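A short worksheet on the structure shown next.
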Amino acid sequence: MWQLVFLTLSCDLAVATAHSGSRKGMDIAAGKKQYQVQHGACSYTFLLPETDHCRSPSSAYVPNAVQRDAPLDYDDSVQRLQVLENIMENNTQWLMKLENYIQDNMKKEMVEIQQNAVQNQTAVMIEIGTNLLNQTAEQTRKLTDVEAQVLNQTTRLELQLLEHSLSTNKLEKQILDQTSEISKLQDKNSFLEKKVLDMEDKHIVQLRSIKEEKDQLQVLVSKQNSIIEELEKQLVTATVNNSVLQKQQHDLMETVNNLLTLMSTSNPSYSLLAKDEQIIFRDCGEAFKSGLTTSGVYTLTFPNSTEEIKAYCDMETGGGGWTVIQRREDGSVDFQRTWKEYKVGFGNPSGEHWLGNEFVSQVTGQKRYVLKIHLRDWEGNEAYSLYDHFYLSNEELNYRIHLKGLTGTAGKISSISQPGNDFSTKDADNDKCICKCSQMLTGGWWFDACGPSNLNGMYYPQRQNTNKFNGIKWYYWKGSGYSLKATTMMIRPADF
């Protein structure tokens with residue numbers, strides 16, 4: 001007979017999973033048989049005793065029958081197996097009923113458990129959902145703030161990007177403009193380089209030509225120096241002869257005066273003629289006022305002296321009374337003279353000449369004089385410069401020129417530099433240049449640092465009078481390279 005010793009019921013509930021089915025097994029543990037039933041998530045385990053002491057009533061009990069070495073009778077074994085089969089069948093039916101009962105009861109419990117679990121799960125899920133909603137709302141708010149910050153930052157970055165883009169476009173435009181300008185400058189530089197090379201070639205040719213002209217001029221200057229030395233010798237001889245002639249003239253004048261004195265005792269008309277011959281003129285203004293109104297050569301005397309000088313008087317221009325102190329008209333007289341020659345004068349008073357610095361200095365030192373410079377170019381144009389006050393210092397001050405009050409048509413600016421400059425000649429360099437202007441520009445003049453004028457320069461004929469540095473020039477009328485055709489310098493008392 002089987003006895004139920006131990007029954008173990010275990011049920012494990014898992015909400016998340018559900019499994020249906022049954023499993024039966026037989027295990028042997030500690031001398032007992034184990035019977036397990038699986039239904040869904042529940043597991044039922046039964047421990048049954050061994051069947052060693054179960055025997056039929058007709059059989060005698062034999063302890064430890066299983067362990068005996070002698071075999072049982074065949075019939076007895078069959079009976080026992082049949083009994084065991086019956087017992088197993090009964091147990092199986094009983095277990096099936098028990099299983100059905102457990103299943104019926106467990107269904108209700110499972111429904112309740114599942115409902116409770118669902119309710120608990122629902123509450124938990126609602127709570128979790130609420131928390132999630134709250135967290136989501138908080139996260140949404142934070143995301144909104146972050147989004148606003150990101151939007152602001154993005155807007156600011158977009159503005160900066162736009163500004164950078166505009167700056168970049170502006171820089172690109174400037175770079176393009178500069179590139180274009182550089183290209184133009186490169187083209188211009190190439191053109192200038194080519195032009196410079198051409199000019200260098202021309203300059204080399206011109207230098208060669210100038211060198212040849214220089215050699216020719218040096219030869220010509222050497223010849224001219226020889227001629228000048230010869231002329232100086234002749235001039236010295238002529239000066240000596242002139243002194244002799246002046247002495248002879250003086251002796252003749254005394255003889256004539258003696259004769260006139262003797263004749264005046266017998267005829268009064270001769271006495272009147274002698275008085276007329278003894279009239280003395282300091283300048284042409286005095287001669288004009290005395291009734292001599294015809295232009296020509298007159299004899300003038302130095303102030304406070306009996307020394308005489310021949311001068312040309314212009315009695316027609318601007319009311320007359322002009323004493324001509326310089327004239328250039330045809331190039332017949334060489335004006336490249338020494339200091340002494342410019343002091344005493346040279347040339348023909350009726351033609352080209354220089355009256356003399358000493359006479360002009362003494363005359364203009366007595367009272368106020370005006371200076372008029374008349375100019376004529378090769379195209380027939382005429383102009384003049386009139387100075388309201390003019391005088392020359394003495395020889396100790398190198399016949400320094402003084403001018404004031406310029407008017408006229410030969411330029412609004414004086415071509416004779418002011419304040420006064422000293423007079424220079426080829427043998428007396430008194431200019432303000434380290435070079436010798438008189439030798440470079442030829443002629444004697446009131447040079448500054450060579451200056452804007454020289455009316456005593458070299459005379460050049462027509463069609464050879466341009467681009468001449470050493471010609472007869474008056475800068476503020478015709479420029480520095482134009483050599484004039486004719487010039488006249490004349491003085492007259494300011495109170496004439």
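Including glycine, each Cβ sits where the backbone N, Cα and C put it.
Swiss-Prot lists 1-18 with the feature signal peptide, giving sequence analysis as the kind of evidence. The N-linked glycosylation site annotation in Swiss-Prot covers ASN90, ASN120, ASN134, ASN152, ASN241, ASN304. Under the heading coiled coil, Swiss-Prot lists 167-249. Per Swiss-Prot, Ca(2+) binding site is recorded for ASP429, ASP431, CYS433, CYS435.
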Under 8 Å by Cβ from ASN241 (N-linked glycosylation site), counting only residues of that chain that are 6 or more apart: none
What mean pLDDT does the predicted model reach across the coiled coil (167-249)? 82
Name, in the order they occur in the sequence, the residues of the same chain whose CB lies under 8 A from the CB of CYS435 (Ca(2+) binding site) and which sit 6 or more residues away. CYS450
Least surrounded among the binding-site residues, given as ASP429, ASP431, when other CB atoms within 10 Å are counted: ASP429
Enter the number of other CB atoms within 10 angstroms of the CB of ASN134 (N-linked glycosylation site). 10
Would you list the other residues of this chain near Ca(2+) - those whose C-beta lies within 8 angstroms of the C-beta centroid of ASP429, ASP431, CYS433, CYS435 - in sequence order? SER424, LYS432, ILE434, LYS436, CYS437, SER438, MET440, PHE447, ALA449, CYS450
Can you check which residues sit near CYS433 (Ca(2+) binding site), meaning Cβ under 8 Å from its Cβ, same chain, 6 or more apart in sequence, and list them in order? PHE447, ASP448, ALA449, CYS450
Rounded to a whole number, how many Å is the Cα of ASN304 (N-linked glycosylation site) away from the Cα of ASP429 (Ca(2+) binding site)? 31
When the Cα-Cα distance from ASN120 (N-linked glycosylation site) is computed for each of the recorded positions ASN90, ASN134, ASP429, ASP431, which gives the smallest value? ASN134
Roughly how many Å lie between the Cα atoms of ASN152 (N-linked glycosylation site) and ASN134 (N-linked glycosylation site), rounded to a whole value? 26
In whole Å, how far is ASN90 (N-linked glycosylation site) from ASP431 (Ca(2+) binding site) when you measure between their Cα atoms? 162
Whole-number Å distance separating the Cα atoms of ASN90 (N-linked glycosylation site) and ASN134 (N-linked glycosylation site) is 62
Rounded Cα-Cα span from ASN134 (N-linked glycosylation site) to ASP429 (Ca(2+) binding site), Å: 113
